[in-house]
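Asks: TrEMBL lists these features:
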COMPBIAS  1-11  compositional bias 'Polar residues'
REGION    1-20  region 'Disordered'
DOMAIN    58-222  domain 'GDPGP1-like N-terminal'
DOMAIN    251-379  domain 'GDPGP1-like C-terminal'
């Protein structure tokens, strides 16, 4: 059931007749500075569900009501029900979910051979989707303090959803951008997290070779009503100004960037992250990125308060195609501690040790990891801010 809407509020729902979908056009979701909420978003004692209550923020309401309608209209490859979920016993706190349908029915990955591969208009891309798959255009009010003008970002359903509300954030598709992270796309992803009042709305990016299945620039966004290890994992500074930190705790070592709020600090973080991903792409090193509300860098704990935004970047071995025999494929959510498992047998038998082994197999060899770390530290040291 769609969330109630004010008479003056834009409708993000499709008209009843599918013939009218294209004619309706894409509605705009315009947001201002006051809707980028940083304080007061914490995990309650019982995890918040999106299925039994109306989402709190205007962004959540628009996304979830439109997403739910598309599910009811059958625009997804399968109907997503309640996913069987368990926290694996052990120190890490992996959240495993059984999602058989995604493992069977998702679109086959494209033939990718390089992290730097050019856009190919002959392959599937987001100019080829059905009109009803786009929920809205994400637009920031002009002249937000301390921020650059934001480009148009389409928010569309992922037709093979990982979880409730799984969407793609796609810069104007007609620009035919390859899957290489750009500042405007990352900014939209971080601000989407700030627009949501749900602590479990996260955004991520998979590079080519990092299990991106479509070579057309996009980020993922989705709700997961569970804490993840990376939210409060402790870190050590890699530069004296505190612009780059290292997460060493499992699931996997990664580079941590942190901001305490929107404005100039956020713009500086976006620049640093994109310089790091540019380095990795230019050197043909696959990578994954995860954006979540989280604790500040330093000595934290899994229960630490969510005081800002964490952006975690992992450099990893390139992996092209899907490994059919594995319990899960390692990409952005798995490195963060969320494990969508493909079969009931694997779900029932999966252990923390087995999950860590699968993730470890995707990481860079120690010597290469050290070289990448040194290069990123040197890159960040050039930062004037």
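For all residues, glycine too, the Cβ spot is worked out from N, Cα and C.
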Asks: Helix, strand, coil residue numbers for the domain 'GDPGP1-like C-terminal' (251-379) per DSSP?
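Replies: Helix, strand, coil within the domain 'GDPGP1-like C-terminal' (251-379): 53 helix, 30 strand, 46 coil.
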Asks: Please compute the mean pLDDT of the model over the domain 'GDPGP1-like N-terminal' (58-222).
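Replies: Mean model confidence (pLDDT) across the domain 'GDPGP1-like N-terminal' (58-222) is 92.
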